[in-house]
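Listed features, source TrEMBL:
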- A:23-42: transmembrane segment (TRANSMEM)
- A:63-84: transmembrane segment (TRANSMEM)
- A:104-124: transmembrane segment (TRANSMEM)
- A:136-160: transmembrane segment (TRANSMEM)
- A:180-199: transmembrane segment (TRANSMEM)
- A:211-230: transmembrane segment (TRANSMEM)
- A:274-293: transmembrane segment (TRANSMEM)
- A:326-349: transmembrane segment (TRANSMEM)
- A:361-386: transmembrane segment (TRANSMEM)
- A:398-415: transmembrane segment (TRANSMEM)
Amino acid sequence: MAPLAPAAATAVAAKRGLGAAFIFQKALISALVALVLFSLMIGVRTEAGPEGQLIYWTRFGDLAAMVGTVFVGSIVIELLRHWWGPVETIRVVPARVTSGLALARRAIAPVLLIGTFLVPVIFYDQRYILDLGILVLTYVMLGWGLNVVVGLAGLLDLGYVAFYAVGAYSYALLATNFDLSFWVCLPLAGILAAFWGVMLGFPVLRLRGDYLAIVTLAFGEIIRLVIINWQDLTGGPNGVSGIPRPTLFGIPLDNSDDGLAALLGIAYSPTHRIVFLFYLILALALLTNWATIRLRRLPIGRAWEALREDEVACRALGINTTTTKLSAFATGAMFGGFAGAFFATRQGFISPESFTFQESALVLAIVVLGGMGSQLGVALAALAMIGGFELFRGLEQYRMLVFGLAMVLLMIWRPRGLIGHRAPTVFLEHNQAISSDVVKEGRG
Amino acid sequence: MDYFAQQLINGLVLGSIYGLIAIGYTMVYGIVGMINFAHGDIFMIGGFIALISFLILVSLGLTFVPVILLIVLLVSMAITALYGWTVERIAYRPLRHSFRLAPMLSAIGMSFVLMNYSQIAQGARVKPVPPIITGGYTLHESVDGFVVRLSNVQIVVVITTIVLLAVFTWLVARTRLGRDMRACEQDQTMAALLGVDVDRTISMTFVIGAALAAVAGMMYLLYYGLVDFFMGFVAGIKAFTAAVLGGIGSLPGAMLGGLLIGLIETMWSAYFSVEYKDVAAFSILIIVLIFMPTGLLGRPEVEKV
């Protein structure tokens, strides 16, 4: 932080000296507000009694504890705030720091990649870590897929999980009904999801900003409701089970005579399949990443970014916004479809419960937290979010509460995401980094 | 014909509940320009507080229904309004000048917080209450025995909605606060320069929206006789759909949109399939937006460069 100007410093010092009464007053008000807020919701507990009649009992102890927590918490927060002093919101990064960071940034991606490649080698015996790795990579892939729509094209999509669902159900239904193999279904799932992406794209072509958000949300819900209610095709709430496992280009990874283990003449172990799934999702995720990076350099990718920055200017430059938007939706949806097909083959069972709005919000949170448009940021955010989510597995009940709170606090702390930095794809003489704090977002 | 008349009544009652929630969305969107994703959950909290205060009042020995209803209404409006204020204070005010996705994500986060908070505090099971207002009038009885009924609950819901709308319209059109709100809606910077306390006005917007959502929550409790922690999500999307359908930012539009969504949903359930009623409501939203991107009563958005 830059040294404070003398006047500001004395103001802070004065505040520190005067603080006690002020802080106490503020904490008291917070506690009073908390008392009213929690009075009925926490102070009284309702439950259906033996005859179906609602009964209630009081929990004044819990209420007092909550109000006390708010009182103390508010004092702590105020103290921290005074201690840190005013924080400058716009800062210009010095050149040396920038170059240091750029070096670290160049190093971190290869290190992460190699590390990820080595995970199945190092943790071969630890099923839990491998499963967690597969889960994180699935979200990395979903995040990268949504990043095309939200991060590059600036189209806010709250129904991304619909394409995930389309991919998963495409694979599940094709494989269980027609005995098609995973490698035939994977492109089909991608194409079907892309098709639905275009279907969603058409109505939203004329919409701007937040209208888009609600239409995509509605679209996601429509797909989910249709899946639940079209029982003949999808099995309704019961889902689809018995989805075949993936094969290594036709060679099954099981204990049979023509399985991979028998062919190679090694002892069979169920870990083979997990390791295979790990590398499969890693390959799919890297494919997404590679395609995104390539597309960004093509005219279509530049059109996406132009659309994100300013739609009106974009149109004035003669860019066809219709094809630009539709291609962004289709591309993002296709990757979502791939991820869905992978999800179906990994789980062996899918049901509509896996495709709720919460999933969409989680993926969107990963993209925004990662810093929109930053591939590395999305990967780190997926690792942090899913890993963090995993930490709270013991506290099943409080997990979503903590997740919601974390979303709020992270947005307040870093509204631009973890990597709030964007390198321009086109530059004149040398690549100069811009801190995204000073970049203004267009309302696309 | 009788069947249609009955569905019309049911649809209008449901629509007034949606309309009350939709006003909260439309006001916040008009002034701050963000979708308050937590608004549906505020509605759910309002329903819970109405339920709990009702239980307490009954166990205290109160029997005169109008008094109970009035107290429940005031208590749930007051406490829920404070929820609205707190949510704005914690999750939205620090992000007022942030880039536009940030407040939306913190609103989604807040929605999860409220939903899981009430699940933890009150349990995940549906809470049913016995009918509080009973009785009604038979409007018409056809030859084959089909009865068109207007129940007292429906009368209460519609009358409360009309009264609150009248009060609210007066508030926006005639009071100082209403003038401040309209000023902030047009141009916050200019309003601030002319002496309007923008922060206070925005807080009040959230408070009023939450109070109306609390009324909707209580009406929902009276009408359906149950609340649960998840009801805010679907009701919230539908009310937002109503607000968009009517033209977001427009108050009469929100009410009109609410009524339309209520009618569509009821008619669809009556004549087609109950399972697809939400699909019908959302599809209509999409269709309307294709042909009228600003909704039914919305002003066309001017593109600024």
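Heads up, the Cβ atoms here are built off N, Cα and C, so glycines get one too.
Between the transmembrane segment (A:136-160) and the stretches A:23-42, A:63-84, A:104-124, A:180-199, A:326-349, the greatest number of Cβ pairs separated by less than 8 Å involves A:326-349. Contact between the transmembrane segment (A:274-293) and the transmembrane segment (A:104-124) holds: at least three of their C-beta pairs are under 8 Å, each pair 6 or more apart in sequence. Just going by CB pairs under 8 A, the stretch in A:23-42, A:104-124, A:180-199 that sits most against the transmembrane segment (A:63-84) is A:23-42.
Away from its own ends, the transmembrane segment (A:23-42) comes close to residues 59, 62-63, 66-68, 70-72, 74-75, 78-79, 82 of its chain (Cβ-Cβ under 8 Å, at least six residues beyond either end).
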